[in-house]
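Noted in Swiss-Prot for the protein shown:
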{"type": "SIGNAL", "residues": "1-23", "note": "signal peptide"}
{"type": "BINDING", "residues": "13-18, 38-39, Glu44, 65-66, Asn92, Tyr161, Lys165, 196-199, Lys203", "note": "NADP(+) binding site"}
{"type": "BINDING", "residues": "Ser146, Tyr161", "note": "substrate binding site"}
{"type": "ACT_SITE", "residues": "Tyr161", "note": "active site, proton acceptor"}
Amino acid sequence: MERWTGRVALVTGASVGIGAAVARALVQHGMKVVGCARSVDKIEKLAAECQSAGYPGTLIPYKCDLSNEEEILSMFSAIKTLHQGVDVCINNAGLARPEPLLSGKTEGWRTMIDVNVMAVSICTREAYQSMKERNIDDGHIININSMNGHSVVPQSVVHFYSATKYAVTALTEGLRQELREAKTHIRATCISPGLVETGFAFKLHDNDPERAAATYESIRCLKAEDMANAVIYVLSAPPHVQIGDIQMRPTEQIS
């Protein structure tokens, strides 16, 4: 990780869960991390904790609604002005709405598309352009995906969500191919976890907290820190090694 010391990483959805754990890990390794979310209160608290702990890097909170392209473009413009640009882009932000294919609300589907697919695509484009204009040839774009992007589970409330995650799988491989065509050594990686103990299930089942709690009680889940360790592993790979996809489940998880 030495080559990343002092360089700039963008982590979307950095206020809680996987995003917060990844942001903390990168700061621990000396990176300058821009952590964005719709609300930055928790990121500001995390930044203070990192500073108090004496971590060599810094965490810069940035308020951004990833469903709004103008806000994304404004964020990248600010990063360029204040920090020159992005060297690592970690597209972590994602959400699910309990909207089945046969009866779901269009608004919920559109929200998932906007955040899980469009925001990932826009951030990827802008991160690449930031790297290109500064002749950065060793940058990295990491998409935090899901095992739902590799298999469809028999739960109607996550079928549309699964479709958006299949899109992330395709986008990551398409990105890898386009980067090769562009004759650059910028790398693209997809990290696909199974069940991670975060607040994700409580947001999905916001009207049924008992069901959400049962999701995490059924097996010993992955932790957000496991995902952060996977990100560090990917970034630590030698420049000639392209890690395309990491699929990781809790040992006890079946599907």
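Each residue, glycine too, has its Cβ placed from N, Cα and C.
Not measured: the values here are computed from a predicted model.
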Query raised in the report: Quick one: Cα separation, Tyr161 (NADP(+) binding site) versus Ser146 (substrate binding site), in Å?
Result: 10
Report summary line: DSSP output for Tyr161 (NADP(+) binding site) maps to helix
Query - Cβ-based isolation winner (fewest other Cβ atoms within 10 Å) among the binding-site residues Ser146, Tyr161 - result: Tyr161
Report summary line: Students should find that the Cβ of Gly13 (NADP(+) binding site) has, within 10 Å, a number of other Cβ atoms equal to 26
Query raised in the report: Taking just the CA atoms, what is the gap between Gly13 (NADP(+) binding site) and Ser146 (substrate binding site) in Å?
Result: 15
Query - Count of other CB atoms lying within 10 Å of the CB belonging to Val16 (NADP(+) binding site) - result: 18
